[in-house]
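Asks: Before I ask anything, let me first share the structure, which is written out below as structure tokens.
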Amino acid sequence: MNFPLFPHQASSIATKVDTLFIALVLLSLVLLAIIFGPMFYFLFKYRRGNKADRRPLNFATWKIEVTWTLVPLFLVLGIYSWAATVYFDLERPPANALEINVIGKQWMWKLQHAEGNREINELHVPLGKVVKLTMASQDVIHSFFIPAFRIKQDVVPGRYVTEWFRPTRLGTYHLFCAEYCGTSHSGMTGSIIVMRPDEYQQWLANGRPQENLAQTGERLFRELGCSGCHMGSGQVRAPRLEGVFGKPVPLQGGQWAFADEKYIRDSILLPQSQIAAGYEPVMPTYQGHISEEELLQLIAYVKSLANKQPLEETK
Ligand code: CUA
């Protein structure tokens with residue numbers, strides 16, 4: 001149910017978040033009554049001049065002490081497990097999500113769909129479909145906040161954060177930046193437009209660029225010269241990228257890394273920090289030469305190679 005004064009509940013998680021919130025407020029009110037009720041009663045009963053019986057009571061205080069230790073303990077454990085369930089639900093996107101990249105920068109939200117469509121301060125999504133956001137910041141900390149979806153996630157420079165939602169209500173909803181990020185922080189707002197799935201497909205088709213995200217990544221891969229070592233038969237031997245994404249990678253020194261978005265990102269920006277076993281540390285850093293947007297495009301390309309077999313390496 002939608003509680004009075006609350007924004008619309010427009011995502012699958014909204015009711016769970018609201019119920020938890022209301023339960024916490026009610027519990028706090030009950031505790032408030034339990035503490036302040038007796039306090040005012042005793043203040044009144046033992047006021048100066050009143051002929052109340054002031055002799056100490058004669059009973060075992062350990063019983064009350066055990067009670068007021070155990071009852072809050074189980075209350076807090078209960079709240080913890082409830083909140084943790086909602087939290088894990090929020091943190092783990094279901095499979096087969098629609099993937100959308102989000103870049104926060106002073107002072108706008110740049111978004112890109114897997115089909116290549118770009119948007120600024122506006123995001124079109126289909127009703128009832130799971131949408132997974134991979135988010136990065138180009139400068140300072142921002143926070144991606146959609147009140148109607150009950151999601152708010154800090155977007156931190158130097159790393160990827162993810163967030164997901166499933167819209168359950170058609171309409172246009174507010175998008176805010178919820179972390180003070182400089183002069184025009186208050187203007188860093190936008191809209192989330194929830195459309196019927198067929199309308200969304202229509203919208204995608206109308207604005208579809210020539211390249212999808214992975215294709216843009218592939219073009220960059222050649223333009224930046226990555227392909228010379230990672231794909232070609234040049235003099236430098238570099239790891240092939242087919243079938244890498246989503247798998248463990250052996251590193252020099254016997255350690256292992258897992259090839260996720262963060263690993264690919266670090267391999268481009270900080271290549272010397274994680275040399276794959278059996279390779280020379282010759283790759284230069286691309287820090288300062290590549291934008292957050294381009295990084296995500298390259299990652300989309302590497303992802304698209306995840307199910308491909310590597311060709312025979314040239315020695
Ligand atoms: Cu971005 Cu505040």
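Even glycines carry a Cβ here, placed using N, Cα and C.
Just so you know, TrEMBL annotations never went through curation; they're auto-generated.
Quick paste from TrEMBL:
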type     : residues : note
DOMAIN   : 1-94     : domain 'Cytochrome oxidase subunit II transmembrane region profile'
TRANSMEM : 20-44    : transmembrane segment
TRANSMEM : 65-88    : transmembrane segment
DOMAIN   : 95-206   : domain 'Cytochrome oxidase subunit II copper A binding'
DOMAIN   : 212-306  : domain 'Cytochrome c'
Asks: Are there residues at least 6 beyond the ends of the transmembrane segment (65-88) whose Cβ is under 8 Å from a Cβ of it, and what are they?
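Replies: For the transmembrane segment (65-88), the sequence-distant neighbours (Cβ-Cβ under 8 Å, at least 6 residues beyond its ends) are 13, 16-17, 20, 23-24, 27.
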Asks: Any residues 6+ beyond the ends of the transmembrane segment (20-44) with a Cβ under 8 Å from its own?
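Replies: Answer is 3, 75, 79, 82-83, 86.
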Asks: Helix, strand, coil: count each for the residues of the domain 'Cytochrome oxidase subunit II copper A binding' (95-206), based on DSSP.
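Replies: Helix/strand/coil tally for the domain 'Cytochrome oxidase subunit II copper A binding' (95-206): 16 helix, 59 strand, 37 coil.
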Asks: Please work out the helix, strand and coil residue numbers for the domain 'Cytochrome oxidase subunit II transmembrane region profile' (1-94) from the DSSP assignment.
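Replies: Tallying H, G and I as helix, E and B as strand, the rest coil: 63 helix, 1 strand, 30 coil.
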